[in-house]
Amino acid sequence: MVRVCRVVPKDWSKFQPVGNVIPRTRFIVFKTPINSQLSTKIHKEQRFTTNDLFRQLSERGQYLGLVVDLSDTDRYYDKKDITGMCVQYEKVNCPGRGFIERDDCVESFHQVIQDYTDKCDDPDALIGVHCTNGINRCGYLICRFLIDRLGWSSHEAIDAFEQARGYSIEKGAYVMALHKAAKDKRDKQVDSDSDSSERQRKKKNKRKHREIVEHENIVLINTIIGELGSQAASVSGTDYQNSPNGVSVDPGQPQPHHWGFAIKRSKYAQLNQPVANGANTPPEPSEGTPQEEEEFEEDFEEIEEETETEPGKGQSVSSKRRARRNRMQKYMQVMQRGRFHEIQAIREEVALSHGSARD
């Protein structure tokens, strides 16, 4: 059984029951309807029930989509009188004392309005809000929504509410709290703008630093490629038609062999020279140190690898030079494209080839 109030709220009768729609919003404010039992205690012309509410709105060509009850009791009328008319009903209990200190009431009201506007596709369906008299608590919460969610100033919100309702907010503490809420929002927005400027500055510095690092990497890679080109030119001799280091070679002129090849060939000739005492007489031991003899043997083995090429096994010197030339051309093409990941892969390939050669 629904509990009912036995006393008409104080000063309830002196306020007009329904105000006008707040401009640029869907809010309409009214005082709380009362049940038929309470209506018998006042004059007929002062009565205001849920039936009177819907009748007055219908005469204006208006209709409700949501009713938000801000009173701290449910004894004035039965909410089924609202939901029975296919109108959504929401309750946000707001006490008469200490109300402006209750941030949870503000957040609950904001959430109820936001949820309804997000789901409702009918822009003409009004949002009815009432407390006991439809003045103080209604005025504070509606103005807070206009300030916090719609970006209105406190003066704009208060003026719009008071003109639509026909009455001023009576409690000065509520008005001061609205001005303070608007000031806090402005200060917060200034701090947010300064934080945004700081983020933009850091982003710009980060982008500038990245460009500097990329430029340094390109210079370093160009230097490495230049050194590799110089080394390849010194090793390959005149077989390069277009040297990476810019040295032009005339293919018509005979070019001398590399100095290392000349030394190895002379040592190989000395090793194969017949001995004066006879073919079977072993050569006289060299007067060099054991380290020099070991180096001589290694050079001899290298000359054998360069001068003797068995069919189907290994590569000739000219084949190696051609392969080396192709690799250098590939390196230059990669550098011209300027793609960092390809350049990095070339660097790793060169490092691995040098490491394997040493091993």
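Placement of Cβ uses the backbone N, Cα and C atoms for every residue, glycine included.
According to Swiss-Prot, the feature domain 'Tyrosine-protein phosphatase' maps to 16-191.
Annotation comment: Swiss-Prot describes Cys131 as active site, phosphocysteine intermediate. Under a cutoff of 8 A between CB atoms, and with a sequence separation of 6+ in the same chain, the neighbours of Cys131 (active site, phosphocysteine intermediate) are Lys31, Thr32, Leu70, Ser71, Cys94, Arg137, Cys138.
Taken from Swiss-Prot, the feature compositional bias 'Basic and acidic residues' applies to 184-199.
For 184-211 (among others), the entry in Swiss-Prot reads region 'Disordered'. Tertiary proximity for the region 'Disordered' (184-211) is limited to same-chain residues at least six positions away from its ends with a CB under 8 Å from its CB atoms, namely 147-148.
According to Swiss-Prot, the compositional bias 'Basic residues' annotation covers 200-210 (among others).
The feature compositional bias 'Polar residues' is assigned by Swiss-Prot to 234-246.
The region 'Disordered' annotation in Swiss-Prot covers 234-259 (among others).
According to Swiss-Prot, the feature region 'Disordered' maps to 274-328 (among others).
What Swiss-Prot records for 290-309 is compositional bias 'Acidic residues'.
The compositional bias 'Basic residues' annotation in Swiss-Prot covers 319-328 (among others).
Using DSSP to sort the residues of the compositional bias 'Basic residues' (319-328) gives these counts of helix, strand and coil: 10 helix, 0 strand, 0 coil. For the recorded site, Cys131 (active site, phosphocysteine intermediate), the DSSP three-state label reads coil. Taking DSSP states H, G and I as helix and E and B as strand, the region 'Disordered' (184-211) has 28 helix, 0 strand, 0 coil.
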